[in-house]
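Straight from Swiss-Prot, the features:
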| type | residues | note |
| --- | --- | --- |
| COMPBIAS | 1-10 | compositional bias 'Low complexity' |
| REGION | 1-36 | region 'Disordered' |
| COMPBIAS | 18-30 | compositional bias 'Low complexity' |
| CARBOHYD | Asn22 | N-linked glycosylation site |
| TRANSMEM | 46-66 | transmembrane segment |
| TRANSMEM | 83-103 | transmembrane segment |
| TRANSMEM | 110-130 | transmembrane segment |
| TRANSMEM | 141-161 | transmembrane segment |
| TRANSMEM | 169-189 | transmembrane segment |
| TRANSMEM | 249-269 | transmembrane segment |
| TRANSMEM | 278-298 | transmembrane segment |
| CARBOHYD | Asn312 | N-linked glycosylation site |
| TRANSMEM | 356-376 | transmembrane segment |
| TRANSMEM | 382-404 | transmembrane segment |
| TRANSMEM | 414-434 | transmembrane segment |
| TRANSMEM | 447-467 | transmembrane segment |
| TRANSMEM | 516-536 | transmembrane segment |
Amino acid sequence: MGDISAATKAPAPPTPATPETNTTSSSSDTDVQHEPQIPSAASRNLVIFALGLAILVGVLDATIVATLVPTIADDFHSVDSSAWYGSAYLLVTGATQPIFGKIYSTFQSKLVFLSSVAILEVGSLVCALAKNSPTFIGGRAIAGLGAAGVISGGLIITALTTPLKQRPVYTAILGSLEGVGVIIGPIIGGQIASSIGWRWCFWINLPIGAVLCAILVFCLHPPKQTPEREQEQAGKTWTQKLAQLDLEGGLAIAGSITCLLLALEWGGTSYPWSDGRIIVLLVVFGVSLICVAVHQHWKGEAATFPTRLLKNRTFSMFLLCGLCFAGAQFTVLYYLPMWFQAVQGVSAAESGTRLLAMVVSVIVVSVIAGGSAGAVGYLPPFVFFATIFSSIGAGMLYTLHPSISKSKWIGYQILFGAGSGTGIQQAIVGVQVAVDHDDMAYATSAVMLVNTLAGSIFIAVSQTLFLGEMKRVTELIPNLDRHTLLSNFRSIRDKLDHQELDIAVNAYNRGITKAFLIGLVLCSITVLTWPLIRWIPLKKTEDPVKSERRNDPETLNAGNVA
């Protein structure tokens with residue numbers, strides 16, 4: 001514990017001598033962070049409440065269908081297309097994140113956010129009224145588009161409307177709601193479907209959306225753009241602003257991401273990784289990614305994502321932190337309920353309840369760390385904390401076995417949740433602090449995209465290791481087919497003799513703990529970012545990036561570096 005304390009309480013070192021690449025071409029002594037224009041604390045709290053509610057609705061909409069799929073597929077008599085009930089939403093949400101970064105940087109954030117909520121509500125309405133599977137899938141895709149704007153927009157607006165030193169705690173609160181939505185979505189969906197019908201899972205979004213829109217219309221007054229950006233946009237018509245969106249680049253990025261997500265969704269489950277369809281998707285993704293990168297670099301400031309931001313060392317390191325912490329957390333959240341059900345033989349509902357230790361840890365520690373970061377004035381100490389605690393927690397989860405005590409798996413969850421939850425929130429705030437005010441939307445959408453892709457990528461990697469163990473089980477127990485083993489193992493536990501059950505349970509345990517090993521590796525990688533993250537102060541009302549740039553002699557001598 002002494003080492004942990006030393007790591008989290010280390011004094012802030014002087015500004016590193018090695019400069020970072022500047023994210024802007026000029027700076028002025030008059031450039032300041034735009035202070036919130038919310039007139040009162042009550043109004044601000046209402047706005048944060050509405051933004052949090054919107055994010056929660058967006059995340060719940062993604063996870064609530066997990067327990068509804070069999071019921072909806074039965075109603076529509078369309079089992080073959082049921083996999084798209086969840087995938088359509090997630091694919092569109094992930095693929096359109098970069099586009100919304102460009103939209104938020106071009107148009108007024110309040111208008112874009114309210115429009116995103118409206119799109120999400122339209123998608124929910126289509127799902128609630130759907131008479132067949134294609135209509136329902138279309139509604140899910142529409143809702144996913146709205147959710148992309150809502151989830152990233154909530155964090156962007158929070159960054160624009162809260163003082164810099166208070167931003168970590170507000171971001172932690174909103175980010176914690178995402179974790180809550182992931183856990184409680186399937187539980188709420190099952191309860192609503194069994195009591196009043198699955199369509200009410202979507203009807204209920206409409207009054208919630210109306211309430212939060214009313215709050216934001218009257219209480220949200222986000223700051224205007226910087227004078228430079230206002231001058232740049234002055235006199236431009238809507239048509240000219242739409243032309244700025246780099247639609248061809250945005251669509252190319254969305255297409256490339258869609259190919260990757262489809263390959264990860266289908267690979268190893270619907271089709272083997274060696275299947276031609278999976279190979280084609282991965283090849284198209286790789287080629288299109290190279291083409292998109294060249295196109296975005298060539299477009300410069302007109303691109304969907306300005307590639308110059310990647311030259312900012314602190315921004316890139318916080319992106320890496322987001323990738324690692326989110327990848328680890330998604331992997332654990334995906335496989336830990338499976339461990340409870342398959343290895344310990346509990347129900348799906350009970351496995352969700354057993355995750356509460358991690359959920360509470362993520363919420364409580366993330367909020368405390370966010371408030372502490374604002375008080376301390378620097379983010380790096382909390383990245384150290386996140387790396388240490390998440391690595392220890394993931395390492396402990398790797399030691400899970402069928403006869404482990406309840407106190408241990410609860411304690412391991414608390415450690416991992418505290419570290420990974422803090423790490424994800426610090427990454428979100430970190431990318432925002434590392435860039436100038438006008439680049440905040442790009443930075444936020446980038447880290448949200450990275451978080452989304454991390455979950456898909458590392459769950460797929462873990463699944464490959466897991467399926468390898470399952471293959472050995474079917475070889476040892478010939479009468480146990482692979483499909484039943486993977487989809488309905490709990491229901492057949494009583495049909496296996498003692499020896500067969502031991503073989504199957506231990507194989508499940510080995511396969512799932514290998515997934516936790518992936519989480520351990522990811523969390524440990526973040527230690528490499530420690531010496532590379534710049535100690536940017538959070539307590540200044542002035543733009544910290546520009547302030548550091550002016551006060552660093554080497555920066556001034558370098559001209560275009562910070």
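Placed from the backbone N, Cα and C atoms, the Cβ positions cover glycine too.
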### Task
Name the range, of those listed as 46-66, 249-269, 278-298, 382-404, that has the largest tally of Cβ pairs under 8 Å with the transmembrane segment (169-189).
46-66
### Message
Under 8 angstroms for C-beta pairs, at least 3 of them, ignoring pairs fewer than 6 apart in sequence. Is the transmembrane segment (414-434) in contact with the transmembrane segment (516-536) by that rule?
### Response
yes
### Task
Sort out for me which stretch, of 83-103, 141-161, 356-376, 382-404, 447-467, has the most Cβ pairs below 8 angstroms to the transmembrane segment (110-130).
141-161
### Query
Where among 83-103, 249-269, 278-298, 382-404, 516-536 do we find the most Cβ pairs under 8 Å to the transmembrane segment (447-467)?
249-269
### Task
For the transmembrane segment (382-404), could you work out the same-chain residues 6 or more beyond its ends whose Cβ comes under 8 Å from its Cβ atoms?
3-4, 7-8, 10, 168, 321, 325, 328, 332, 336, 339, 343-344, 369, 372-373, 411-420, 422-423, 426, 430, 505-506, 509, 512-513, 516-517, 519-520, 522-524, 526-527, 529-530, 533
### Message
Counting only residues 6 or more past its boundaries, what in the same chain has a CB within less than 8 Å of a CB in the transmembrane segment (83-103)?
### Response
61-62, 65-66, 68-69, 72-73, 112, 116, 136-138, 140-141, 143-145, 147-149, 151-153, 244-246, 250, 253-255, 257-258, 261-262, 265, 270, 304-305, 441-446, 448-449, 452-453, 456
### Query
Same-chain Cβ contacts of the transmembrane segment (141-161) under 8 Å, 6 or more residues past its ends?
34, 36-38, 44, 47-48, 51-52, 54-55, 57-59, 61-62, 88-94, 96-97, 99-101, 103-104, 109-110, 112-113, 115-124, 126-127, 167, 170-171, 174-175, 178, 220-223, 428-429, 432, 440-441, 444-445, 448
